[in-house]
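J.: Could you have a look at this structure, given as structure tokens, before my questions?
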Amino acid sequence: MASTGVPLEARAQARADMARARSRTSFDIVPVRHWLHGDAEAWENHAQLVRIVSHEAVVNLPGRPFMSREERYANGQAIINRFNELRIQNQWSDEQLERALLVTGQILPSSLHATAFQPVILRQGSDEQIRLWGPAISARAIIGCYAQTELGHGTDVAALETTATFDPKTDEFVLHSPTLTSTKWWIGGLGRTATHAVVQAQLHLQGKALGPHLFFVQLRSLEDHSTLPGRTIGDIGPKALGAHQAVDHGFLRFDSVRIPRFNMLSKFAKVTREGQYVQPPHAKLVYGGMLYIRAQMNHHAVWLLGKAITISIRYCTIRRQGKVGADGLAPQVISYPSTYYRLLPILANAYVFNAIAHHLHAEYEAMSALLARGDASLLPEVHIALAAMKVLVSTDALAGLDIARRAMGGHGFSEFAGGGRLLADHTPAVTYEGDNYVLDKQVVRAAVKGHQMGVQLPAESLSVFAFLGQLAAPMSAPVSARDLAQTLRYRAANVVKNFAQLKDSTQDPGAEARVSRAVGDAYVAGIAANALEQGLPGGEPVHRLFLLHLLTTVESALADLPNVDSRALRAHIGAACADILPDAIGLTDAFGFTDWELDSALGVYDGAVYDALWERASKSGFNAASPHEKEYKAHIMAILERGRKEVARL
Ligand SMILES: Cc1cc2nc3c(=O)[nH]c(=O)nc-3n(C[C@H](O)[C@H](O)[C@H](O)COP(=O)(O)OP(=O)(O)OC[C@H]3O[C@@H](n4cnc5c(N)ncnc54)[C@H](O)[C@@H]3O)c2cc1C
């Protein structure tokens, strides 16, 4: 490689800074790593997948920024094709295949096959339907997408226009798109890939509209992939911020397409041969598939945040800027209070959200087990907890990804840093699977209802409604986890009580988002405080992270907590940050990301950031001689000559 021109001392210093920071780790990272991944076995499985997948030539992570959209799509398909070979070679389960695709860190053309199409069928299909379609779905003998959103209707699912009308003469449903606005739109993996879809359509029986239901529909031929008659399918075009490039989000129209009655997903609601409607036992069951996806989203957000904060803390550890000190060196950027105050709470969020993701996963599984027995008693609690956490985790992850990127200064804006890519890919997560502002309304409605019913749960409850009735004024200087959590429960109870007294939302247009945030914060705080009391792996450093999360959450709520001593609180935050700082590298190493997974010049494990940046820039196709010459002859030469002539005329 050519000389970089960066003085050797700075490059050696970067490595030395990283090694020194790592050597200050005061805890055993192995149990923490196991906790982050779920357990030791989950970590081993993950590491094994990374070892296999990272040697696959088709997964060209550093090459991504130089690919066109067509190339990204084609590469995405090549990855899926190769990984399905690996699935057979390595006897991977569906879940292992999904995890293998996830470790590539990219959103692939048929990601929705495993994250929406398959789970919705498994959870909403009858036993007979699963028996018939399940093996083909698992083996990727068919590729599916999830078609709910329409050009004119997203949030308001009840207003979807696509119709599924039962024809008793032929025992079929007729799917139809009656208007332009009824065109299915934004459907991941549909534009050029999917052979099948689960379609949300308004069920019409004997002239009556019975609301949206799910239908299994073939779209393309399994012989030659051509579009089947009556379907109009295409790609909706590139996405904002250059994100989700490999995915063919598509549109779909039906012109009186007939499907057998059997194809309505009928675990819960059914239509009989005579055209009679059999009601689901619980109205919300129809949206059960969405709950699964929301439960998964929390895990994804943790790993995105984990990557972003690992990159940012590593870079800020080796980056030195500012006045040279007695040691002859400029300070490390991470040593500035205004830097670590920005970054450590993001690290804390990644850890605390991991606890939330695991807690909610267990709640979701418990709810599903009960639902399978026809018992919907846990559904309202899990539904609201997942809605509140979808909002809180995706919102804070988005904010954290940008803060982590900005903390890296100009280099953070380079594609080679990796932070911008994580941010762009996560950006729509606050919109899909329920727009966050709309979910706020559901959380607030449930909280106000609980308040009006006088619900009061025991103090040790971890329910999303545990804050209700907790109106005893908090202490002015909460420090312990229990007191901080109690402060946040008080704040939630108080803002819900005040909101319930509002005549209408025009009196306080921002109230719903604030109330939902207060409910979400109280829920997270209850689980975080409980985890601290139960004990966490890693001892003090991890405990301090959880405490930092609680302290900064109370800080963000000060407007609702006038009697809390803000100066004392901020002093505790400063002390917690200072205590955590020596372990910052260890706490990020605990995630266990390899350099291949991070795909970031700024986040390299050994701190050799300048070498990594230089190498990536040197390899950039943009620096090849011939294209530049072409542009020079075509345009640059003319611009310069014109300019010279103008100057000569002066
Ligand atoms: C990257 C990406 C992938 C997607 N993949 C899929 C997919 O595979 N399948 C699929 O079916 N869909 C998919 N979607 C669509 C997604 O589910 C919708 O974008 C989402 O449901 C929001 O609907 P909308 O876009 O129509 O927004 P709208 O519902 O039109 O919302 C627009 C604005 O209005 C506000 N708003 C709406 N209703 C209310 C209300 N009642 N009260 C107050 N404010 C309100 C919202 O907060 C938002 O700010 C995807 C979207 C994206 C961006």
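Each Cβ is built from the backbone N, Cα and C atoms, and glycine gets one as well.
Pulled from TrEMBL, these are the listed features:
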DOMAIN    33-143  domain 'Acyl-coenzyme A oxidase N-terminal'
BINDING   THR149, GLY188  FAD binding site
DOMAIN    287-447  domain 'Acyl-CoA oxidase C-alpha1'
ACT_SITE  GLU433  active site, proton acceptor
DOMAIN    514-640  domain 'Acyl-CoA oxidase C-terminal'
J.: Please report the number of other Cβ atoms within 10 Å of the Cβ of THR149 (FAD binding site).
T.: 19
J.: Taking the Cα atoms as reference points, how far is GLU433 (active site, proton acceptor) from THR149 (FAD binding site) in Å?
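T.: Cα-Cα distance, GLU433 (active site, proton acceptor) to THR149 (FAD binding site): 10 Å.
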J.: Validating a neighbour-count step here. Other CB atoms within 10 A of the CB of GLU433 (active site, proton acceptor): how many?
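T.: By my count, 21.
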J.: Quick one: give me the count of other CB atoms within 10 A of the CB of GLY188 (FAD binding site).
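T.: Other Cβ atoms found within 10 Å: 26.
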J.: Which residue counts does DSSP yield for the domain 'Acyl-coenzyme A oxidase N-terminal' (33-143) in the helix, strand and coil classes, in that order?
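T.: Output for the domain 'Acyl-coenzyme A oxidase N-terminal' (33-143) reads 83 helix, 0 strand, 28 coil.
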